[in-house]
Amino acid sequence: MEIILLLVLAYLIGSLPSALWIGKLFYKTDIREHGSGNMGATNTFRVLGKKAGIAVTVFDILKGTAAVLLAFSPYFANTPIHPLVVGVVAVIGHMFPVFAKFKGGKAVATSGGVLLGYSWPIFVLVVLTFLLALKITKMVSLTSMVVAVMGAIYGIIYYFITGDIYLELVIVLMGAFIFYRHRANIARIKAGTEPKVKWL
Ligand code: G3P
């Protein structure tokens with residue numbers, strides 16, 4: 001019973017469509033009708049500016065973190081399910097949100113939040129990699145995929161240090177989600193039409 005409650009809560013947390021709600025509430029804008037149409041932090045930066053972009057980034061990261069921490073919380077601590085699986089369910093909620101017709105984001109920020117909830121050093125490493133890759137590529141989409149690959153390498157290192165293989169397995173799974181959700185971006189990158197960030 002507790003497993004089901006935990007998974008439903010994780011899915012609902014992940015489903016919270018921050019980009020859609022912040023856009024509608026504070027900017028009278030439906031983010032889905034502008035820019036790439038994606039309900040994520042990048043498109044929020046693009047369409048609504050820095051303030052909204054930062055708010056969505058933080059919110060979407062915290063969704064993944066909250067789900068993992070919920071699984072670690074005293075109430076659910078004895079529930080026989082790995083906290084990272086609970087985090088993955090939040091990422092699924094982010095991609096297929098019940099509050100937005102099951103059309104959500106591309107899994108990047110919420111996956112990062114899962115890492116933050118489970119191993120903050122890996123999260124810090126991933127954020128630093130993200131900033132460096134973004135400086136070089138100037139494309140958030142390409143950066144996200146580079147980070148997905150690098151994350152898998154960090155996961156292997158984490159395994160050799162801690163003996164815990166779950167993080168690596170989940171990083172590979174979330175990385176696969178990220179690649180799958182960036183299909184349109186991959187086509188644009190190949191065509192040379194993917195937008196670049198201007199503020200770097
Ligand atoms: O996190 C999503 C980002 O990698 C790409 O977003 O709006 O450029 O498709 P967008």
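Placed from the backbone N, Cα and C atoms, the Cβ positions cover glycine too.
Noted in TrEMBL for the protein shown:
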type: TRANSMEM; residues: 52-72; note: transmembrane segment
type: TRANSMEM; residues: 84-102; note: transmembrane segment
type: TRANSMEM; residues: 114-133; note: transmembrane segment
type: TRANSMEM; residues: 140-159; note: transmembrane segment
type: TRANSMEM; residues: 165-180; note: transmembrane segment
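Scored by C-beta pairs under 8 angstroms, the transmembrane segment (140-159) has its highest count with 165-180, from the stretches 52-72, 114-133, 165-180. When Cβ-Cβ distances below 8 Å are used as the criterion, the transmembrane segment (52-72) is approached by residues 6, 9-10, 13-14, 16, 18-19, 22-23, 26-27, 40-42, 44-46, 79, 81-84, 86-87, 89-91, 93-94, 105, 109-118 of the same chain, each at least six residues removed from its ends. For the transmembrane segment (165-180), the residues of the chain that approach it from at least six positions outside its boundaries are 82, 84-85, 87-88, 91, 95, 106-108, 111, 114-115, 118-119, 122, 144-145, 148-149, 151-152, 154-156, 158-159, 186, judged by C-beta separation under 8 angstroms. Sequence-remote contacts of a segment are chain residues at least 6 beyond its ends whose Cβ falls under 8 Å from one of its Cβ atoms, and for the transmembrane segment (84-102) they are 6-7, 10-17, 20, 39, 60, 63-64, 66-68, 70-71, 110-111, 113-114, 117-118, 166-167, 169-170, 173-174, 177, 181.
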